Amino acid sequence: MIKRVVDFFGDERHAKKRRRLFYLVLVLIVIADFLVFREHAEYLWERLPGWSALYGFGSCVLLIFVSKFLGHQCGLMRREDYYD
Amino acid sequence: MTDFVHPGLLFILGALPIPILKGSVRKAYVLLIPTLAILAVLTMHPGSYGAAQFIGQQIMIAKVDKLSVLFATVFSIMALIGTVYALHLTHAAQHVAAFVYVGSALGVVFAGDYLTLFLFWEGMTFASAYLVFAQRSEQALRAGFRYLMVHITGSVALLGGIILHGFATGSVLFGPIEDGLGFATCLILAGFLLNAAVPPLNAWLTDAYPEATVTGAVFMSALTTKTAVYVLARAFPGTDLLVWLGTVMALYGVVYAVLENDCRRLLAYHIVSQVGYMVVGIGIGTEMAVNGAVSHAFAHILYKALLFMGAGAVIHVTGRRKLTELGGLYKTMPVTLALYMVGALAISAFPFFSGFVTKSMVVAAAGQDHRALVVLALTMASSGTFLHTGLKLPYYMFFGTDQGLQAREPPRNMLVAMGMAAVLCIAIGVFPQTLYALLPHPVDFDPYTGVHITESLGVLMFTALGFVIFLRALDPENTISIDTDWFYRMGARRFMWLAEKPLARYEKAVSDVSETAALPFLHGMARAGLRIDLRGVDAFVNAVARAILRGGGALRRLQSGVVTHYALAMIAGVIAAIAVFAVAWR
């Protein structure tokens, strides 16, 4: 069972199915976010359905590029023999 | 003392017979001790044990309350899991070190006074350092020494703080510090923050953990930072500084994790990030926030151990640790991958996994405390956590480019240990009330609300979308990252340069001067002295001796032995005496 699940995520022949399933999940999450009951919202963004999806995506992109910028342009990343 | 058996001493004393036991007896024995410890923790009653007087101070070996029992429970469970994971080891030394390490951590958790705490604190440092040294590579030895030096520096600060605090308050009992941040409390706080790996005091962790043995790193990932979280929760709840340090910490870890190529170093940066949540919770200090912080520590120990076990299994089987050299293992290690993913989903706080019910409590507490910025930063860190531990690491380790590695599933004991941790990660997520009942304050928090589930899934799955789109930007690179250990690693190098170049040159110049100028001068002086001695002093002494010899000869001639000569001499003497008397008397 485990092997089949793992193969579904690994094998190239499932790539199309995988992508479809992934997009379906994304759409369902956003739809669900519009439908759930919000009893109290402390902050503005909490009232905004779909905010978390946007924020998650934004955070991910920001983290990737800010980190890589720090690594490459600000010299945090060095050759492996830097300390040798 | 019948209703309290100190589980820490159980581990430390229990470690003694391990080297003399062999084979399956040893295996059974090393499993027995953690099991007994779990029983001891579950059956203990709140109270104070082992009160005594030491150098005029009241000390308390063990103070049992809900907070200490919570940490002791998870430490002993983790010790059992870690021991199962290390069961295949043929050498006893690592078992002994791990037991002393766990025992010391439990000693800290129960310590009722600062002196006991400090003693066990040091025990942890040395026992854990051995787990790095036991790796035996040149790299590990160096990292181990750095680890030891940093921790000893921290301990000195802590001890200084304890002594000053003891003088100021007249007591070394360990409890909430209420007199603000004076010099003494700052020293204590610095000692604690160093062990919690709060930047800039974090580099020892990410430097040493990836160099430790496969089995040793599992213990290290669980104990040192979490004992620090415990002591912070005990002594510094509600310290506003911690909120900001924790927030920075949560993001610091994920930023570095993007850059990291070594699989266990990536996980180590996520310890920094996750401990950030706990530090924030303690800093906020409300009941809900402290509950969140300590429950997150509980969950964190289990899923982080699971992640380290998964990465360790890959290292154990393939002998490789860099993401650039790994890939395509899902075909040969599907069970390892599945168990690793349970840990990854737990740390990422997916619904029905442990992180979901604990991390959200900290974030919700920050929201209730009107700290919008903290909430946003922690949510961003959650996104980063899933991005690395849940997506980047498994992708490049198990999927990605197939490196054609000859791999297989790790030994069964490793899989069993991972299975135990995985079951607990899911159990906590599904039945959070069991964990909530152990927390120090009453819990009024339900993680499973519709909006919380959709929001969490939104953040996480759209992080995955970002990952899919920008996959190429995340490709691991064959580099290392400069962290704050740069200061002491390069500082030590500069110092050595200073010692080897300018100081050595100065030393040489001084010896040159002495050889070319001072030595000939001294030689000349010595020769002159010799000449004076021979020609002057000796000649004078010889002359005096000769004169005395001649005088003696003359006197000898006067002693003729003829009575008339003596009588004549006496008469001459009497006349002379009378003459002198007569003249002098006048």
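Cβ coordinates are placed from backbone N, Cα and C, and glycine is handled just like the others.
Whatever TrEMBL says is automated annotation, not expert-curated.
These come from TrEMBL:
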- B:111-380: domain 'NADH:quinone oxidoreductase/Mrp antiporter transmembrane' (DOMAIN)
- B:28-47: transmembrane segment (TRANSMEM)
- B:67-88: transmembrane segment (TRANSMEM)
- B:95-112: transmembrane segment (TRANSMEM)
- B:118-135: transmembrane segment (TRANSMEM)
- B:147-168: transmembrane segment (TRANSMEM)
- B:180-201: transmembrane segment (TRANSMEM)
- B:213-235: transmembrane segment (TRANSMEM)
- B:266-285: transmembrane segment (TRANSMEM)
- B:297-317: transmembrane segment (TRANSMEM)
- B:329-353: transmembrane segment (TRANSMEM)
- B:414-436: transmembrane segment (TRANSMEM)
- B:456-474: transmembrane segment (TRANSMEM)
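A contact links the transmembrane segment (B:456-474) to the transmembrane segment (B:329-353), because at least 3 Cβ pairs that are 6 or more residues apart lie under 8 A. Using a cut-off of 8 Å between Cβ atoms, the transmembrane segment (B:180-201) and the transmembrane segment (B:266-285) share at least three residue pairs, counting only pairs 6 or more apart in sequence. Among the listed stretches B:28-47, B:67-88, B:95-112, B:147-168, the one sharing the most Cβ pairs under 8 Å with the transmembrane segment (B:213-235) is B:67-88. Sequence-distant neighbours of the transmembrane segment (B:414-436) (same chain, 6+ residues past either end, Cβ-Cβ under 8 Å): 77, 80-82, 84-85, 88, 291, 295, 298-299, 302-303, 305-306, 309-310, 312-313, 316, 335-336, 339-340, 342-343, 346, 351-358, 443, 445, 447.
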